[in-house]
Amino acid sequence: MERGNDTRISEFLLLGFSEDPELQSILFGLFLSMYLITVFGNLLIILAITSDSHLHTPMYFFLSNLSFVDICFTSTTIPKMLWNIQTQSKVITYEGCITQIYFLILFAVLDIFLLTAMAYDRFVAICHPLHYTVIMNPRLCGLLVLMSWIINILNSSLQSLMMLQLSFCTNIEIPHFFCELNHMVQLACSDTFVNNIVMYFAAVLLGGGPFAGILYSYSKIVSCIRRISSAQGKYKAFSTCASHLTVVSLFYCTMLGVYLSSAATHNAHSSATASVMYTVITPMLNPFIYSLRNKDMKRALKAFFVRRNV
């Protein structure tokens, strides 16, 4: 494929966090630990939900899908970074970079869609409890997840195909530990006007739209909880969505913090460091939030380990 001025870029350099050999060893151990915790923690959530028939409900169906997406999300970036540290290399191929962008966009926005579906599930459970099983039927839940995958596959394909149209000249250094779409567009030496329009339009539509849906769901949930007369009833209603609200707050606050701070400081290294929050820390913490704050999950995990030890 021709990419302008007969310039063919076959690879890029991921600068990462530091070139200090001692710090590289620390980073390798730290990120390997976080990656293993993320994979095994989310895998345990999936196994606990699938093995316990009491958890075969819409809420836990969405949670198991979220855990699967989180495993895929971190697997898109961390293994490559660990490999580069281990081999003392910064290289990522052009094809590898485009592939990484594709899956990063896919799984990041899938996270948002699943969190939105979970917010809608909590809204129906608290505000329309008598109609919950009718509204949140298996067909609707499956359709929500399927449509989320279809929309995000189309979006990721569009963004990646548009990246293929860009030309890259002499600057092949990426001030990040992964190929991030916005950084890649900034590195291009060809016209990026259309890319920026599509990128920001997709961000508003696929990021802002679901966020507005989450805010609307929780505004209705708060309104419903306030109408409950007993304090115990209010606590029980709030506790059913406390874990999800914590995860939503963590994911959106860290992501917004990253992009607002990077826009204000224009410091690529700070942006890369801050990106760790939503690409690594949040997927790692999700299993702890859902297992520690949820009695059903704790019971299911305990039963799972008991069966494994028998």
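Note that the numbers count up from 1, one per residue, in the order the chain is shown.
Every residue, even glycine, has its Cβ placed from backbone N, Cα and C.
Worth saying up front: this structure is predicted, and the values here are computed from it rather than measured.
What TrEMBL annotates here:
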DOMAIN    41-290  domain 'G-protein coupled receptors family 1 profile'
TRANSMEM  26-47  transmembrane segment
TRANSMEM  59-78  transmembrane segment
TRANSMEM  98-120  transmembrane segment
TRANSMEM  140-158  transmembrane segment
TRANSMEM  197-216  transmembrane segment
TRANSMEM  237-260  transmembrane segment
TRANSMEM  272-292  transmembrane segment
(Q) Check for me, if you would, whether the transmembrane segment (272-292) reaches the transmembrane segment (197-216) - at least 3 Cβ pairs under 8 Å, residues 6 or more apart in sequence. (A) no
Q: Mind looking up the mean pLDDT for the domain 'G-protein coupled receptors family 1 profile' (41-290) in the predicted model?
A: 88
